[in-house]
């Protein structure tokens, strides 16, 4: 009724329409979380299936071929025929095209300038494709459908129009650069440049996705935007199978990819992810704002702009990893980046979609939401930190370096959570002394969490260089707690409290922002410089340094976000919606540091994981894990595998991979690495891929043919040490007898051409 009453007032009419559109958009946001859960749930199922070798990599290739060569081409052909070009806003497509081309050439040019001459062109080609080719159909389409099906259903068809931009325009340029690199590596330059161009064009045309898009556009005009009845059911059957199969295959393709990540590729990966998940959406949004001048409705223009931003956040498509395998270049960066970008995109898309719908929300309501998020995550983080600190104390790691400093970091995080929980109650009351005391605890503990990562990195440098910490640990402890307390005291003395804010980050206004910027910047420089020193020269592979460096690297990434927030406020008084998104992420990483600490240190192997594993094994099987299995109790497939291996392959395997190995200060006799057996099984043809080799090794372990040297791990494709098992074959026997004095004698005999026996005496 209000809408009808106020039709004569244009301003009020606009507000009414805007409210209705916001309401519809809000309802669409409610569908986003189930869509994300559906997509990433199926991806997780695929990952678990591949990780547990339910589906091996060879079997996964068949599913991948079905998805890319049958299901997706059918889906594209169907939608190209049914596409309604009359409702397309073409400036939106030109905006996405300009954004993709811009990011492609920025990444390409920077790579050509910075990269070393060896592999420069292949890096430029693959990195540019990585930054611009999105997972539009498997992951992007369900998200767009959840957001815009009820409000702007015409937006769904843009997915099919935008995707060919990369496939037919940008990817061929990247392929040409990779072919140029192959041409340079050959040295003799047998192939001409014209032949290289021909190979690239042929490779693009052979792509079934490109081919079916072209055929679909032709059929669109020939068939007059209708699919014949005899083809409709067939195309529906193939196209409907794409969604779940593609997501499941995406999870399968992620298995083992993060193992390829090395310290030397971390910086490259961070830059690529920044270009893909930050630069791309920003340019897409800005291009729509600039080029879409024909759209009369401001509301439609804003929704298109938001849609462009969300489209830019879509993660990298898994097909980029296939290109890297084909050209045998940059596998570590591309495969690891594909996995990380996929899982980073979920929270970014959700938070971005939510914040883009609250353009006219009350600022006070936003601050209350931010305060509630900080309070809730502090409670969860507090529980995780109590557990983590207890593990460090019970395992007595806190007595060793650098864990002594790591425990101080955990205590600072614990006090930070306590401070935020208290702040949630004190800030709403008119209690000046309570607010100052709580703010002192909160601010000093927050600054301490910024200090300790840099100090931990510095201690690692000193330990590595001098094989002992030359500086007294007490000096670093004093610095880790003293500097934050000093900065907080200066802020309380010279700062001026703002009375109209409940945000602890802005409680003292600009002076607090300057202090935070100084502390964070100092520790980023200290930690970054230490990281450079640690990366140079030889690297001592011991657990303490590895775990300490993991803690430092994680906290260092978190500090880069509170710094971005502070710099934004220093140079821009108007926050904007992207700043609000940054603030929400900062709240999560600041007060949720305990969750990262728990993930790295909360599950101690010897104190928690192994005892739990052994107890679970006993409850499940009713016997000890180390007990030698009886042949009669084994399943048929395990007995057949063990018999085959022992009879035909065991001697050859022992000769080729079983050697004396040194593990730390111990010399292990007659052992081998799990990854060595995996390679050997593939070489002799007992397994087609690494997944089948792991299954073969697990059967050998279950049959007692091999076992881990400490009985702690199942067989894995990793540098873990294994030994030959002590099971008895059909020609091996144990005899025993007891003499009159109560001593029992055991005789181990092996019946062969020359019988040999060993004896062992023990008290009954």
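The backbone N, Cα and C atoms fix where each Cβ goes, and this holds for glycine too.
Heads up, TrEMBL stuff is auto-annotated, nobody curated it.
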- Query: Given the ranges 155-173, 174-192, 535-553, which one is assigned the annotation transmembrane segment in TrEMBL?
  - Reply: 155-173
- Query: TrEMBL lists transmembrane segment for one of the ranges 7-27, 406-426; which is that range?
  - Reply: 406-426
- Message: Within this structure, do the transmembrane segment (155-173) and the transmembrane segment (194-223) have 3 or more Cβ pairs under 8 angstroms, counting pairs 6 or more apart in sequence?
- Response: yes
- Message: Cβ under 8 Å, sequence separation of at least 6 from the ends of the transmembrane segment (155-173): give me the contacting residues as numbers and ranges.
- Response: 76, 79-80, 83-84, 87-88, 92-93, 96-97, 100-101, 104, 108, 125, 128-129, 132-134, 136-137, 140-141, 144-145, 148-149, 200-201, 203-204, 207, 209-210, 213, 307, 311
- Query: What parts of the chain pack near the transmembrane segment (32-50), using Cβ distances under 8 Å and only residues at least 6 beyond its ends?
  - Reply: 56-57, 60, 139, 142-143, 145-147, 244, 247-255, 342-343, 346, 349-350, 353-354, 691
